[in-house]
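Q: Here's a structure for you.
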């Protein structure tokens, strides 16, 4: 394909020498530090990228016409600090999934929609489906470790003409999904805290705005921590995983010890089916999968933190897989033990204290003891709120850096401490606005959980579907080293298809109303939110995106960093001229801009 008579467009993996940065030829490869330093020098106009007009135009440098965003730091501040090690990353991912807490506090979703069978056995298909999706995404992340995550991968893996539109759509669903997922922390925390009040004060009448106020408090607290406590985040994330797992162990031991020997039967725990939804039994059980699917959603968080970790092509994929495995296994054991201690399942379903607190109260026989145990999930939700806001704001920042959001110039900035404050504030504001659904719906929790799972699963599916449709060869670009972490030619397609099938099934059913008959109060407003997000993305694409959005503007430098991580960035002996007095990468056509900015693995 020719952009004009002298500009050859080449996809990723087939760059000509004129497309590779020029530097001293006395060495064989760029080191990672050298590439990072050269990119930082590029922000003031010199270094090996300085001779590339196309790079300047596409946003690798800070400032200048047509150069709205920068490589790592955006403009107006420093780049992120590489502060997250593997343990803190696993802690972050697990704090975000917080699986046993998420599944336990959302028991009210599954118990009326399948009962204990949905609670326990629903984890199995949810684990298989989410593990298949996580493994598929981890394989892509290993080759392309970029902060934009799924929308960057969608741009890289798409056909040239369709890449901007596909990337734009994926980015909007990813941003919306993370905002909805961030909203779940305050939502569940509100239910936990008001449940304590209801247990201790039986005459307490719960108002929806009570939960909303707690929701806002958790969200603002997470915002403050993200802005002012950046250096504390790795330690907080490490603490989160130990707090969460310790809490699970303490609750399990306490409930089993105090409930002994009056346990429920194995038949009750593993075979009891309950359907109070009005749907037929099959649909009701599928609706109950929302609980376990929600508890395993959000594993892509670490892909949005790759600029803040060493060895992202290895650490990010590992963390995705570990988060799902730890989350599913801990939740499975916890929920089995919790159900064995229940005395009255109908009371658990209807209690104003909430299903989790009522279950612990029935097991311990002590209100004080149950409230003490409730402190573990209440505090765990604080860790979760912080972790979710961290990942969500980085997702919004990355998308704004590529001009995917309105007012991207504002939201693509980062302060001198490496905090994208405008994106943090934007995410906080949108989360609070989203929480207003509590003021008008009795099934607000269901709507928020459904929105988070559906939006994120759609964004996960797009790059995986591209791999299935276009072939696995697009994960082996010739200019990058052979992947060291791969699912292989047999397991890879199986994981892709299993994950996509599970996502397609659950996406449809998670948009269903939780109960019949449908009224204005019990409607699943995730459908409305889905329509609103899609409408806004289409309008903004027509008004602005189709003219300015070209996908990941910093991808060239990101791929250089990925290559330098394993020491294979080749240094060209010289830079060819195209005969017109400038390098071949400097053509100014719109198609040339798009193709050089989005280097695909065609």
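Positions of Cβ are set from backbone N, Cα and C atoms, glycine also.
Small disclaimer: the values here were computed from a predicted structure and weren't measured.
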Q: In TrEMBL, which of 40-59, 60-79, 240-259, 260-279 is tagged transmembrane segment?
A: 240-259
Q: Which stretch does TrEMBL mark as transmembrane segment, out of 490-512, 559-581?
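A: Going through 490-512, 559-581 one by one, TrEMBL flags 490-512 as transmembrane segment.
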Q: TrEMBL lists transmembrane segment for one of the ranges 118-144, 280-306; which is that range?
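A: That would be 118-144, the stretch labelled transmembrane segment in TrEMBL.
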Q: Any contact between the transmembrane segment (447-469) and the transmembrane segment (240-259), i.e. 3 or more CB pairs below 8 Å with pairs at least 6 residues apart?
A: no
Q: Same chain only, please: residues at least 6 beyond the ends of the transmembrane segment (118-144) with a C-beta under 8 Å from a C-beta of the stretch. Say none if there are none.
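A: Result: 103, 107, 110-111, 150, 152-153, 156-157, 269-270, 285, 288-289, 291-293, 295-297, 299-300, 303, 306, 312-314, 316-318, 320-321, 323-325, 328, 331-332, 335-336, 339, 457, 460-461, 463-464, 467, 475-477, 480, 483-487, 492, 494-496, 498-503, 506, 558-559, 562.
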Q: Are there residues at least 6 beyond the ends of the transmembrane segment (165-189) whose Cβ is under 8 Å from a Cβ of it, and what are they?
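A: Same-chain residues near the transmembrane segment (165-189) but 6 or more away: 96, 101-102, 105-106, 148-152, 154-155, 158, 211, 214-219, 222, 294, 297-298, 300, 377-378, 381-382, 384-385, 388-389, 391-392, 395-396, 399, 402, 404-405, 427, 430-431, 434-435, 438, 444-445, 448-449, 451-452, 454-459, 462-463, 466, 529, 533-534, 536-537, 541, 545-546, 549, 551-552, 598.
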Q: Count, for each of 240-259, 320-342, 524-543, the Cβ pairs lying under 8 Å from the transmembrane segment (419-441), and report the range with the highest count.
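A: Selected stretch: 524-543, with the most Cβ pairs under 8 Å.
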Q: Quick check for me: are there 3+ Cβ pairs below 8 Å between the transmembrane segment (240-259) and the transmembrane segment (524-543), leaving out pairs under 6 residues apart?
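A: Contact criterion not met.
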